[in-house]
Amino acid sequence: DECCAIPLCAKIFPGRCP
């Protein structure tokens, strides 16, 4: 989702990005 495109968000929610 859009969170994956944001490095900080992806770090906070690692399970959201494959």
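Cβ atoms are placed via backbone N, Cα and C, with glycine included.
Following the DSSP three-state reduction, the secondary structure of CYS9 (disulfide bond) is helix. If you look up Swiss-Prot, you'll see CYS3-CYS9 (among others) marked as disulfide bond, on the strength of similarity to another entry.
CYS4 (disulfide bond) carries a helical DSSP state (H, G or I). What Swiss-Prot records for CYS4-CYS17 (among others) is disulfide bond, and it gives similarity to another entry as the kind of evidence.
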Using Cβ-Cβ distances, find the residues under 8 Å from CYS3 (disulfide bond) that belong to the same chain and are at least 6 apart in sequence, listing them in sequence order.
CYS9, ALA10, PHE13, ARG16, CYS17
Select one residue from CYS4, CYS9, CYS17: among these disulfide-bonded residues, choose the one with the most other Cβ atoms within 10 Å of its Cβ.
CYS9
